[in-house]
């Protein structure tokens, strides 16, 4: 999941450059729209990238701790596994929230009305 989200972040940054080239036409307002679109897409890429890194660190820490605990006391493997899976789900939720924020920034940006009147 983390690799998929990191790939998505790279694609968002690539799409920002393509959108800027497509939207840039002679005229002042089109440049403002292009800069706004590029800023939103770069922000979305950064959000998903940081969210994926945070999730990766959280999942790695949870798995490391669980492996050490099972190595020390193999009798409680079931309880440790359940706790580890809950912790991994919470860590992965950060990446999912970052994905939602990036999709909102790209497709349903609430700040568009402040920059474009008319």
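Glycine residues also receive a Cβ, built from the backbone N, Cα and C atoms like all the rest.
Taken residue by residue with DSSP, residue 92 (site 'Reversibly protonated during proton transport') is part of a helix. Annotated site 'Reversibly protonated during proton transport' per Swiss-Prot: 92, in sequence order.
Positions annotated as transmembrane segment by Swiss-Prot: 34-54 (among others).
What Swiss-Prot lists as transmembrane segment is 88-108 (among others).
Residue density at residue 92 (site 'Reversibly protonated during proton transport'): 19 other Cβ atoms are found within 10 A of its Cβ, drawing on all protein chains shown.
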